[in-house]
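**Student:** As listed in TrEMBL for this protein:
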DOMAIN    3-121  domain 'Response regulatory'
MOD_RES   ASP54  4-aspartylphosphate
DOMAIN    144-188  domain 'PAS'
DOMAIN    218-270  domain 'PAC'
DOMAIN    302-435  domain 'GGDEF'
DOMAIN    444-698  domain 'EAL'
Amino acid sequence: MALVVILDDRVTNRNIFAKLAALIEPGVDVRAFGDPVEALGFFESVTPDLVVTDYKMPGVDGAEFTRRFRALPGCGDVPVVVLTVYEERSFRLNALEAGATDFLQSPVDHHEFLTRARNLLKLRRQQLALARRASSLESELRDSSDRLAQVIDTVPAMISAVDRDGRCIFVNAYHASLLGAAPEELLGGAPTRLFGLHHGDRSAALDRLVFQSGAALPSYEEEFITSAGERRYFLTSKAPLRDAAGVMTAVLTTALDITDRKRAESHLRHLAHHDALTDLPNRSLLHERVRHEIAQARRSGAKFALLLFDLDRFKGINDVLGHHIGDRLLKAVAERLVATVRETDTVARLGGDEFAILQTNVAVVGDGMDLARRVRESLSVPFLLDGHEISTSASIGVALFPDHGFDFDDLLKNADLAMYRAKSDGRDGTRAFAEDMDKKARAITVLDSDMRRALAKKELVLHYQPQVNLASGRIVGAEALVRWRKDNGDLVSPADFLPQAEESGLIVPISEWVLNEACREAASWTRDGLPPLRVAVNLSAIQFRKQNVEQVVLAALAASGLESGRLELELTESILLHDTERVVHSLRALQAHGVTFSIDDFGTGYSSLSYVRNFPVNRLKIDRSFIHNLREDGNDVAIVRAIVNLGHSLNLDVIAEGVETAAQVGHLRAEGCDEVQGFYFGRPMPAADFIDLVRREAVVAQTA
Ligand SMILES: Nc1nc2c(ncn2[C@@H]2O[C@@H]3COP(=O)(O)O[C@H]4[C@@H](O)[C@H](n5cnc6c(=O)[nH]c(N)nc65)O[C@@H]4COP(=O)(O)O[C@H]3[C@H]2O)c(=O)[nH]1
């Protein structure tokens with residue numbers, strides 16, 4: 001609601017203008033005063049929207065009133081209309097100078113009065129709205145610049161500006177806080193004060209570059225040591241600052257704090273190069289260090305050694321005591337290794353229980369052997385983990401650069417070969433690489449792939465050696481013996497490839513093939529009219545560890561149709577000594593199906609008697625070494641007699657192998673041996689020859 005004030009010393013005029021003013025707009029509030037001083041007193045507490053004042057008043061005239069009114073707070077912009085009967089310019093000038101807004105000439109035209117008053121009120125309202133908007137804009141601006149200042153001060157970035165003289169003209173609170181100072185203390189200072197001695201000089205040089213080129217610099221990374229001694233990392237950029245006229249006045253330096261990102265990156269890098277369990281360098285870091293060492297050694301002619309080893313019996317410890325103890329053992333081993341080597345050496349965990357040491361500053365291979373000895377000594381002290389006293393040892397292979405290899409892969413491979421040799425020479429030893437290890441390893445690899453091919457290309461064949469009953473003189477069976485017939489027709493003896501097949505595990509598929517082939521051929525003999533001869537097949541200890549022998553044998557019998565009673569499996573001592581319970585279980589199951597067993601090479605092992613009792617055996621096979629010197633050696637005579645007697649007392653048959661002469665036959669017959677096998681009756685021969693032999697024997701028997 002608008003407040004209009006009328007000021008006139010004459011009552012009549014006052015009343016007329018007051019009435020007129022009430023018509024300006026609906027709801028208008030009109031106050032009329034006769035005394036200017038009284039009106040001014042009123043305005044001290046109330047601000048009107050329009051004042052209409054007479055010029056000529058006693059004491060204070062319209063001009064003076066206007067001047068005093070204008071001086072009152074909030075009244076500077078209120079429209080003041082001065083009424084005058086005088087037309088002289090001097091009155092008007094006086095009033096204008098005092099701050100009057102408009103004039104009305106008396107006698108006043110009512111229509112003009114109302115129109116002017118309405119316009120002035122409208123103007124007043126617009127003025128008030130503008131003032132309110134201006135004040136709200138002002139406060140918004142104040143707020144936003146406060147916010148901007150806060151952002152600039154707290155953003156994790158060092159923000160500063162220097163002028164052409166290299167003096168700091170701005171620095172944010174974050175930057176100052178890293179220097180342990182307040183921003184004001186840094187203003188006017190040189191870049192060395194802002195960035196430290198070294199970085200300050202560089203920053204100043206770069207600032208000069210920006211001033212010269214007028215262009216921003218690409219960002220670069222730099223380190224900064226805070227006043228608290230902490231190393232932090234920044235991504236810094238520099239750009240020109242210009243005034244309103246576009247003139248370059250300063251260089252703005254913005255350095256974003258990227259310390260956390262850098263630390264995360266370096267943590268990731270550490271993870272990628274270290275083993276999570278032991279925190280030792282992993283294979284990839286070892287590789288990098290060896291490469292670096294090779295590069296240095298090439299320049300200086302120095303040597304270094306690579307030691308490789310795993311922990312003997314670790315798998316057993318893990319299986320029996322659990323992974324938790326296994327892990328703790330690996331950590332404890334890692335600690336001992338680190339304590340054993342020099343600081344310049346690298347201990348790495350390559351995976352599982354496999355460790356490697358890069359030993360630098362080595363003169364001769366003996367230095368590597370010395371370190372290996374110290375490592376083994378340190379591991380020989382038992383580890384106490386969760387109340388368990390755990391002993392472990394290591395077989396260590398040593399390879400020397402450049403003597404045993406020129407790159408990481410070669411050195412690692414040769415250290416591995418040396419380790420392998422250390423293991424096969426008995427655990428807990430050390431071996432340095434030697435050339436022949438490589439040759440042997442190569443030969444083994446070649447043999448291995450040749451054997452795989454032989455198996456796939458069906459180059460294996462079986463030969464059969466007759467087994468003769470001494471009482472009847474008749475062939476009662478045959479031992480199946482494997483041969484490898486090579487492409488070129490050469491026949492390779494099992495002694496030349498089976499030991500390697502045992503090592504590589506190829507013995508498992510080979511044995512399975514032999515079993516199936518022997519059953520298949522023996523089954524076909526009866527269909528060809530031969531008597532139901534027994535066929536003896538050798539088993540390997542590895543088969544019992546890697547496959548279910550019971551299933552494999554039953555499957556071979558089922559596939560061939562051979563009666564189970566005709567199959568005899570030859571067992572060696574090594575089969576019977578390991579995992580006894582499981583083996584006994586399989587043998588008993590097969591025996592229940594009618595399969596028979598003989599113990600091969602009997603008399604050469606340890607506790608023959610105990611396994612004869614424990615296993616479901618049908619026959620003892622006297623080792624050929626006892627037969628060889630039968631006539632001359634009194635000991636062998638006694639052994640053969642003892643074996644025959646032992647067998648018979650346990651209701652077992654006894655067969656002698658390696659029988660080459662008639663005298664040996666005579667002797668064995670005299671000792672009561674049941675069966676014989678050997679060159680005297682026939683060498684191992686192809687199946688067709690064996691069938692012929694049995695047929696000829698039948699003819700001889702018929703005609704005799
Ligand atoms: N000096 C001499 N030797 C005789 C005489 N009679 C037979 N021999 C040889 O003695 C070995 C008998 O087989 P073994 O003791 O089971 O010994 C076998 C057996 O342990 C293993 N073997 C052969 N074939 C297989 C097979 O299929 N599987 C497995 N696991 N081992 C096999 O290879 C060994 C050697 O086999 P072979 O070279 O065939 O050698 C055969 C045979 O040729 C003789 O009167 N005098």
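Just so it is clear, glycine is given a Cβ too, placed from its N, Cα and C backbone atoms.
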**Student:** Take the Cβ of ASP54 (4-aspartylphosphate) and count every other Cβ within 10 Å, whichever protein chain it belongs to.
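**Tutor:** Step by step: centre on the Cβ of ASP54 (4-aspartylphosphate), count other Cβ atoms within 10 Å, giving 23.
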**Student:** DSSP helix, strand and coil counts for the domain 'PAS' (144-188)?
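**Tutor:** The counts are 21 helix, 11 strand, 13 coil.
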**Student:** To what whole number does the mean pLDDT across the domain 'PAC' (218-270) round?
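**Tutor:** Value for the domain 'PAC' (218-270), mean pLDDT as a whole number: 90.
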**Student:** So, three-state DSSP: helix, strand or coil for the residue listed as '4-aspartylphosphate'?
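**Tutor:** For the residue listed as '4-aspartylphosphate' - judged by DSSP and reduced to three states - the answer is strand.
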**Student:** Using DSSP, what is the helix/strand/coil residue split across the domain 'PAC' (218-270)?
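**Tutor:** Taking the domain 'PAC' (218-270) as a whole: 12 helix, 30 strand, 11 coil.
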